[in-house]
Amino acid sequence: MDNSQNISYQAGQAKGQAQEKGNHMMEKADNAAQSTKETMQEAGQQMKAKAQGAADAVKNATGMNK
């Protein structure tokens, strides 16, 4: 293998490694986004339940829940 072929081979290797690293980083970002989405959905459900509980407490306290 002459020098130019070696350089081309090394460039191809570097390109492949960069693409693989980029794919890995995108996968990590996607996983982080999915985790954040799930956490926010859970927080939203908890807030909704607390708001409903507060509304029911007000209704009970004011006699509107009859």
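Keep in mind that glycine also has a Cβ here, set from the backbone N, Cα and C atoms.
Database features (TrEMBL):
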- 10-20: compositional bias 'Low complexity' (COMPBIAS)
- 21-30: compositional bias 'Basic and acidic residues' (COMPBIAS)
- 41-57: compositional bias 'Low complexity' (COMPBIAS)
- 1-66: region 'Disordered' (REGION)
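Across the compositional bias 'Low complexity' (41-57), DSSP classifies residues as 17 helix, 0 strand, 0 coil.
With DSSP classes pooled into helix, strand and coil, the tally for the region 'Disordered' (1-66) is 60 helix, 0 strand, 6 coil.
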